[in-house]
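Over in TrEMBL, the protein carries these features:
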type	residues	note
SIGNAL	1-21	signal peptide
DOMAIN	23-127	domain 'Gnk2-homologous'
DOMAIN	135-252	domain 'Gnk2-homologous'
TRANSMEM	287-312	transmembrane segment
DOMAIN	344-594	domain 'Protein kinase'
BINDING	LYS372	ATP binding site
Amino acid sequence: MASVLLLLLLFSVHWSGRSHAFSLMNYLCNNGSSYALNSTYRSNVVALLGSLSANASSSAVGFATATLGHAPDQTWGLALCRGDVNGSGCASCLALAPDTAFEDCRGVRDVSIYYDRCLLRYSDTDFLASPGNAAEPVQYSPNLKVNVTADPGRFVGLAADLVAALSAWAARNSTARYAAGVVTSAKGFTTTDSNLVHNIYGLVQCTPNLAPEACLACLGRLKDEMPAVFNGSAGGQFNAVWCNLRFQDFLFYDSSPVVKLVAPPLTPAPPGAAVHDDAKRTRGTGYAATVVAIVLGVLVVLLLSTFMIYLWRKAQVKRYAEEADDSGSLLFDLATLRRATANFAEENKLGHGGFGAVYKGFLPDGRQIAVKRLDKASGQGLKELRNELLLVAKLRHNNLAKLLGVCLKGQEKLLVYEYMLNRSLDTFLFGTEHCHCPSCARPQACQLRIFDSSRCEYITNLLRRAVAPRSENSAVFMLGRGYMSPEYAVLGQLSVKLDVYSLGVLILEIVTGRKNTDMLESAAGESIILLSYVWDHWVRGTALEAVDPFLDCQAPETESEVMKCIHLGLLCVQENPADRPTMLDVLVMLHGQSSGGFAAPSKPAFAFAFGETMSSDERRNVCSAAAAAAFSLNGMSVSEFQPR
């Protein structure tokens, strides 16, 4: 521990004043895996970087490799200083690398840092076992400030010739695998800074542990990419772990050039070139006339097409206006809605959704309404309104709130729905009347005995009501984030198993006493969502540990009912719609079938740790499974409303 603290102190001294003598060319944060800031892996990285800096700066070839720690916190590292940098310069350059690594690649396990005079890499995988850049990412840094204005292709071609000569010298004549040189052109090259450049300077370097042929192959791959990457640039650098190269129109290295090339003179034009030029100009005149005729023809076609599109759009606008007149019954007056909600008074506010607040109101005819007022600060207000209108238009169901109309007036965008007396289901699950704490009153009047051993009966009763036909007094709610099935979230399509997935999420919320959006901690210490949390306990055989702590499951029959609910919930949230039970199956399971007869659940959809994303393979699985299921699409037209 004392050695680690000493290394941290030394690094802090180096980091406190970042030198301007070394230029950061590039860095690569390979975000395949991460670590916590107070983890053993970070301590190993700090110690490893100190060892690499000390060993490389004291090495005759400025090179060092090392490994430290044990799995899963083992780390491998490599440090290399440029061949013309002395020991103190090497140490100063490498001292800058931790600053970039821990600031710009915070928490990343695989990091590569490239300065103009040194490079450093550490990783949680053994990249030292397979030297060579064939499987490694290569980054490049062109000179963006100065470009070659005359014959840039010849400039980069001469630079590539110089690199080829330097590669052969470094691979076969240098134990440090380093070489620097220059190529001279008598004619020279003009650049954007109005200079005439006659010399192109370059250097190449491999790690000293590469064999000559491996070094040549590594540098050869970089050289072959130079014309495509650096054409037009007055300089550039390829940054890779096992080999690198650089060329510039100015002297940038401190060592003596070991390779000096002279560019061959340009071939003069033949005497008959003027005659051929006259013939070419004559033919060029004929070509120009042909091109002009073609261009004029294309312009005429474009003008006619534009005019036809204008007439078509004008007819469309007229048709939309007529449709808007026909749908006037859907339009509400802003003043009417203000009076209905007491000017959107706070005491009439029912809640706040993803797009805005919802208010209760009374129309002059006595009807109760719910008015959704889209946030004015939303930059996508019209888009959000259109999405909601499309959703309500496509989904026709007796368990969805009916859209009564809209109001578009200036910055106000309002949707008017029928008012649902019982509000949303989460009010009953997570509201203050039913909060999961000992001091809360038990709502015996509703026969929802939340805290006693009959909670599972309440769950079963609630779920039976949820899948039963709607009665006059049943609550109607719309599913939001966390309740969408993967086939709808990914493809935007509806299947008969969408409600089953939503019901599964609801079951797991009731059993655990948590919301599906809560961030929970897994056994591995990761932040995960509710589905991942329950699945993690299920596969570990500790499902009862995920149950609401205020739910008494000591009795064997109660424990069996709880496990049955968890098993059923996981079956409902499976990724493949075909694997989920139907609503009829759910009713059969709830009416007495033991969980021993249930199928084994597969991993839930969207079961990721916090910060993870769906991989391409998982996305393809969702799309394939969803495509194989039966979907229902509503192709009815929807009018688009615009504010006055």
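A Cβ is built for glycine as well, from the same backbone N, Cα and C atoms used for every other residue.
Summed and averaged per residue, pLDDT over the domain 'Gnk2-homologous' (135-252) gives 91. Counting residue by residue with DSSP, the domain 'Gnk2-homologous' (135-252) contains 41 helix, 43 strand, 34 coil.
The residue listed as 'ATP binding site' has a Cβ environment of 22 other Cβ atoms inside 10 Å. When DSSP labels each residue, the domain 'Gnk2-homologous' (23-127) comes out as 36 helix, 38 strand, 31 coil, counted as helix, strand and coil in that order. Secondary structure at LYS372 (ATP binding site), taken from DSSP and collapsed to helix, strand or coil, is strand.
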